[in-house]
Amino acid sequence: MKKSNAPAGARTPFQKWVDKYQGLFYLIPWIIGFLVFKAFPFGQSLYYSFTDMNFFKDGTSFVGLANYITAFHTKKITKALIITFKYAFITVPLKLIFALFIAYILNFKIACVNLFRTVYYIPSILGGSVAIAVLWKAVFSVDGLLNTVVRAVTFGAVQGPEWLSDPNYALWIICFLRIWQFGSAMVLFLAALKGVPADLYEAATIDGAGKWRQFFSITVPMITPIIFYNLVTQICQAFQEFNGPYIITNGGPRGSTTLISLLVYNYAFKSYDMGMASALAWIMFIIVCILTIIAFTSQKKWVYYSDER
């Protein structure tokens, strides 16, 4: 019998190859998932945006930038873009301000702080669900809980407004649902507040600085990295909002709550115009990218990192 000349414990070329590339094998499921569910749909939607793709039309023709040009010359699309910007500019600042306010209060040594933190965080978990949207619709409907309370308090003298049928109220109801989901931003703010060195406050107190001066001169600058992170993520989420407008008002009344994401859905699954739907999705993507770039560019002027020299 021929004996191996390899020393004991020596690894074969195959074993060495496995050791070198085994990490790649662990990534294969993720790579497949990314290609199938991310990269391919991304590329397909980009291709569709340059065509007149329609599920009920024979054949697909390349139309170039026609969908994009039509989008900016269609009144309901430009109106949806304006409403989406309005929705984002209302919800993002108010949500961050409210989240920071609650986090600042919880940062003090108060009883049951963990309980309050959990209670405030729950809306972030449930707020985007279909069930909460249905509940929101029930609360603000004509005969809903809110108007029932109004009638009970006023003994029937005031019937309450038609919250979801009046364009003056409908968008604010949708915005309120978004602002109510402030828990995730609050938790991040609370963690950042606990990381602010206490000696900075002690030095400021010795110098005679009050609470408001300490807040704007110490607290806010020290947590600007978290403010920046929350700002970017909330902008992205605001432009992707769908469940609330779709379930509560379905874009009404008179298109006052039709966000661009809802219009993408209508074109794709009601009109079956995948070309226009894809073009709108890419317009929304480009807008979010531009706003993100602006945020990252501006952070050099207002975001403070403690490790910077």
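Yeah, the Cβs are placed from backbone N, Cα and C, and that goes for glycine too.
Summarising the annotation, TrEMBL assigns transmembrane segment to 21-40, 87-106, 118-139, 169-193, 214-232, 274-296. The domain 'ABC transmembrane type-1' annotation in TrEMBL covers 81-295.
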Find the member of 87-106, 118-139, 214-232, 274-296 that has more C-beta pairs under 8 Å to the transmembrane segment (169-193) than any other listed stretch. 87-106
Checking distant contacts: for the transmembrane segment (274-296), what same-chain residues at least six beyond its ends satisfy Cβ-Cβ under 8 A? 45-46, 48-55, 63, 67-68, 70-71, 77, 81, 84, 228, 231-232, 235-236, 239, 260-261, 263-265, 267-268
Report, as numbers and ranges, which residues of the same chain sit near the transmembrane segment (87-106): CB under 8 Å and 6 or more residues beyond its ends. 113, 116-117, 120, 171-172, 174-175, 178-179, 181-183, 185-187, 189-190, 193, 215, 219, 227, 230-231, 234-235, 238-239, 241, 259
State the non-local partners of the transmembrane segment (214-232) in its own chain: residues 6+ outside its ends, Cβ under 8 Å from one of its Cβ atoms. 92, 96, 99-100, 104, 185, 188-189, 191-193, 195-196, 200-201, 204-205, 292, 295-296, 299, 302-306
